[in-house]
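According to TrEMBL:
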TRANSMEM  83-107  transmembrane segment
TRANSMEM  113-137  transmembrane segment
TRANSMEM  149-168  transmembrane segment
TRANSMEM  180-206  transmembrane segment
TRANSMEM  241-260  transmembrane segment
TRANSMEM  272-298  transmembrane segment
TRANSMEM  310-329  transmembrane segment
TRANSMEM  341-374  transmembrane segment
Amino acid sequence: MKDRSLFSYFPLSLHSYSLPSLYIDPLPVTDAALPRRRHRSASSPRSALSRCRPPSPNLNGDVFRYPKFKYLLSSALGCGTQMLAVSVIFDIFFVVVTLCLGVLGVFQPYDRGVLPTALVIIYAITSAVAGFSAVSFYHQLEGSNSLRVILLTGGILSCPLLLTFFFLNTVAFNYGSTAALPLGTIVVILLLWVLLALPSLVLGAISVKRIRSEFQAPCHTTKCPREVPPQCWYRRVITQMAMAGLLPFAVINIQLYYIFASVWGHRIYTVYSILFVVFILLLITTALVSIVMTYIQLTAEDHEWWWRSFLFGGSTGLYVFGYSIYYYLLRSDMNGFMQTSFFFGYMACVSYGVFLMLGTVGFHACLLFVRLLYGCIKCE
C-alpha cells in the first residue's frame, strides 16, 4: 500500500513510469516545428527570427485574409477558451483539495457528488471568459453582428450538453434507475445556467467595449483572393486531421485508461498532480503539431489555414471518442440500452469539449506562428 496514493486504486509507480515517455513524445515535433533557416547559427533570438524563411512569400497578400464564417469561428474559440479555463481551474482545485483537505480527512475522493457539482459551478462562472474571448476576437476580424456571436457562443456548447443531459435523465427515469436526478436538482441546474451562466456570458461580452484591440497583421491583404492550387490526397483536411491528432492522443493514452477505469469502472482516481502535468504536455504537443501541419499547408500555397488549424488541434477529441468505442467493446462489461446511452452520451460531450478546447489551443498557436513567420519579411 505504500506504492499507492491516499485513497487511490492505482499504484503510483504505474503513473510515474508513464511520465518519461510523455516527455519524449513531443521532442520530434519541436524539431519539426522549427522552420527551415538560411543560417544554422544565430547570435540572438531576434536575428534567428529574422532569418526564418516563410514557406511561400507569394501568400503575403492572402495569408491574413479573414476566414469564412468568422462569427462561427469566434464562437467556437470562445467556448474552447472557456473549456480550457474550466480544465485548468478544475485540475488545480482538485490538486489543492486532495493535498490539503484529504490529509485532514475533510475531503473524501470517493464522494462522487463533489465532481459534478464543482464542474457545474466552474462552468457557469467561466462563461464570462467565453463571452469575452468570442466577441473580442470577432471585433478584431471587423465583425459587426455581436449579438449573433453572443447567442451562438451561449448555445454552441450549452445546448448539446443540456439536450444530452435531459435525454439521459429521461432514459434513467423510464428504467427506474437511481441515476435519474430528481426534479429539484434539475431546477437548480437550470437556475444556475439561467441566473449565473448566461449573465456571466453577457457581462464578459459587454466588457469587450472597454478593451478593444485591432487585428495585428504584418502583411497587407489584397483585394482579390489567390486561388488555392489542387492538393494531393495526403494534404486534404481529413487526412491531415488524422495525422494531427495522433501524437497528442499518444500523450494522454495511458492516463486516459486510468480515467476511464475510474469513471466507468467504479475505481478511484486521485493523482491529479500527474494529471495536471499530462495536461500541460498535451497543450504543448497540440500547439506544436498544429504549427507543423499549418506550415506544411502553407508550403503547398494553401492560405486557408484559419479553420484548418482549429481542426488540427481539435482532432484529438475524435481520437478520444474513438478510444471510448474501443473501451466499451473490449474493456468494459457494460450492456443494455441504458448503460450504452449513458456511456456514449457523456463521452460524446467530453470529446466535443476536448475538440473545442484543443482546437482553440491549436488555432492560437498557429496564429502566433504565422504572424512571426510572415513578420520576418518585408511586405508591401
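Placement of Cβ uses the backbone N, Cα and C atoms for every residue, glycine included.
Of the recorded ranges 180-206, 241-260, 272-298, 310-329, 341-374, the transmembrane segment (149-168) has the largest number of C-beta contacts under 8 angstroms with 341-374. Segment contact is absent for the transmembrane segment (341-374) and the transmembrane segment (180-206), given fewer than three CB pairs below 8 angstroms at sequence separation of 6 or more. When each of 113-137, 180-206, 272-298, 310-329 is checked for Cβ pairs under 8 Å to the transmembrane segment (241-260), 310-329 comes out on top. If one looks beyond the transmembrane segment (310-329) by at least 6 residues along the same chain, the residues whose Cβ comes under 8 Å of a Cβ in the stretch are 73, 76-77, 237, 240-242, 244-246, 248-249, 252-253, 256-257, 260, 264, 282, 286-287, 289-290, 293-294, 340, 343-344, 347-348, 350-356, 358-363, 365-366.
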